[in-house]
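A.B. asks: Dumping what Swiss-Prot says about this protein:
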type	residues	note
MOD_RES	S81	phosphoserine
MOD_RES	S89	phosphoserine
REGION	144-307	region 'DNA-binding region'
DOMAIN	406-556	domain 'SF3 helicase'
BINDING	G432, P433, P434, N435, S436, G437, K438, S439	ATP binding site
CROSSLNK	K513	SUMO cross-link
REGION	579-604	region 'Disordered'
COMPBIAS	591-604	compositional bias 'Polar residues'
Amino acid sequence: MADSKGSTSKEGLSDWCILEAECSDLENDFEQLFEQDTDSDVSDLLDNGELEQGNSLELFHQQECEQSEEQLQILKRKYLSPKAVAQLSPRLESISLSPQQKSKRRLFAEQDSGLELSLNNEAEDVSPEVEVPAIDSRPVDEGGSGAIDIDYLSLLRSSNIKATLMAKFKESFGVGFNELTRQFKSYKTCCNDWVLAVYAVHDDLFESSKQLLQQHCDYIWVRGIGAMTLYLLCFKAGKNRGTVHKLMTSMLNVQEQQILSEPPKLRNTAAALFWYKGGMGSGAFTHGTYPDWIAHQTILGHQNAEASTFDFSAMVQWAFDNNYLEEPDIAYQYAKLAPEDSNAVAWLAHNQQAKFVRECAAMVRFYKKGQMKEMSMSEWIHTKINEVEGEGHWSDIVKFLRYQDVNFITFLAAFKNFLHAVPKHNCILIYGPPNSGKSSFAMSLIKVLKGRVLSFVNSKSQFWLQPLGESKIALLDDVTDPCWVYIDTYLRNGLDGHFVSLDCKYKAPVQIKFPPLLLTSNINVHGETNYRYLHSRIKGFEFPHPFPMKPDNTPQFQLTDQSWKSFFERLWTQLDLSDQEEEGQHGESQRAFQCSARSANEHI
């Protein structure tokens, strides 16, 4: 009999029911279930230790970098390699001596953090196809198509922004930026005139700058072609490059990298014609009158004929009238006249400026010396005190002499003989202790009368007395024993008022009489028997008291040019000085000295 299919109900064969799961109320408590079920057929299936972040993030970062680098190399092979040389220079391949192959030095660069690589990629040149057209850009001034493509990306990605701007400037204006300007390397150097080339200026800001700059400038020249805008600004006050950049960046809302700035060429006729001709066109905006450096080179006038020839006599006349005797003063002051004086402009353009300055100084000294010799002492004093400006009081000198216990009447009598160079009375000695005001008193007199000072330190030279032949009055300050010995030995005839032979440099000895000679010393020569032969030749006055000072450390007695001017005017008659109206012939007025070749009645 075949076995029946299915299960059987016999109890002896139903052991599987014993293995069934037991029901419990805790069947949903998974945490308790897992805690109780510790028996497992798989060992160490679960790790109950603390979790740690491995290096999976670093691995992911490396994989991303490798993928980015691979994509970048593919793009560089596709776009940059065929145009690397063309972007550097279109003519580089034709003049290259190396094989015609592209440089791939940086094409397969080593792996890096990615920062430097990204910066290098941004610095690469971009092909002309990658251009962003400007929206509402300005129309081309001369025959343009109207719409202009402004290559913003080429400027941002260029490794040499200045070279890129200069190339775009030359492309727009047809002339190099350096052909119109001279270079200032320092940012702190000030200049009144500046040439600015600004890239990618917004139209509204471009138009507003024409009005805003008028308050800062005397002359404005503005023109925009394409993306480039050219400014010529003549500021009212000198500005350095940093100040100009700060002004333009705030006014035009541009970055400093978008600006080229240099001062213009002032002596270049071609550059001046560029500004002059450009300002006459309709595309340029100008405000104000032409600056002098443009007008002088482009505008013809009667000044051009005068400036072409240098008149040496006019330079000598100018130096004589202004009392310039030294070469540095003549050169500097005459150069300052160049903007107004056409003869000074011609002198600056001459290649023998130093020669003319030396000859001018020599001629002025000759004229001044001849004029001095022709004048009497009265006329000389009158001329010099008239040159003093301001007013003083003669009582300061009188009070100082009385403070030093000097009899003013005696001093006035000796001073009168001193000024007239009376024989054996033409030398006055002021002696006394130190800090008594001897040198201050003597120097103030020499200063107002434009006298000369002798220094015994030069006594080793045989020409140390030469200033005595070139002055109306002289001073020998701080005479010591060696100097007294020299005077007692060699200068007795000069103090007597006789002619002496004076050795002068670069000429034969000349015959002169000593001018009035003023001495200061700490030694009373009248109390020294060794110098008894000088007692009758020198009139001495003692200053025994220290020079008085105010609490603010200023002199109590004002020994100034104004005080001496008042002194001579007040005591002119007592000093027996002649009336100036009687100096001329029959009261006729004397006209000013003229040493120029121009006639007196010539038209100005």
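Placed from the backbone N, Cα and C atoms, the Cβ positions cover glycine too.
Mind running through what each feature is packed against?
C.D. replies: According to its DSSP assignment, G432 (ATP binding site) is coil. Under a cutoff of 8 A between CB atoms, and with a sequence separation of 6+ in the same chain, the neighbours of G432 (ATP binding site) are Q404, K438, N522, E542, F543, P544.
Classification of K513 (SUMO cross-link) by DSSP places it within a strand.
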A.B. asks: Around the ATP site (G432, P433, P434, N435, S436, G437, K438, S439), what further same-chain residues have their C-beta within 8 angstroms of the site's C-beta centre?
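C.D. replies: Other same-chain residues near the ATP site: N522, F543, P546, F547.
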A.B. asks: At the level of the C-alpha atoms, what whole-angstrom distance separates P433 (ATP binding site) and K513 (SUMO cross-link)?
C.D. replies: 31
A.B. asks: Within 10 Å of the Cβ of S436 (ATP binding site), how many other Cβ atoms can you find? Include all protein chains, please.
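C.D. replies: I count 20 other Cβ atoms within 10 Å of it.
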A.B. asks: Would you mind reading off the Cα separation of P434 (ATP binding site) from K513 (SUMO cross-link), to the nearest angstrom?
C.D. replies: 32
A.B. asks: If I restrict to non-local contacts, at least six residues apart, and a C-beta distance under 8 angstroms, what lies near K513 (SUMO cross-link) in its own chain?
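C.D. replies: Once residues fewer than 6 apart are set aside, K513 (SUMO cross-link) is near A421, G494, G497, H498, F499, V500.
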A.B. asks: Out of these binding-site residues, N435, S439, which one has the fewest other C-beta atoms within 10 Å of its own C-beta?
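C.D. replies: Across N435, S439, these binding-site residues, the one with fewest Cβ atoms within 10 Å is N435.
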A.B. asks: Rank the binding-site residues P433, G437 by how many other Cβ atoms lie within 10 Å of each Cβ and give me the one with the fewest.
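C.D. replies: Sparsest of the binding-site residues P433, G437 by Cβ contacts within 10 Å: P433.
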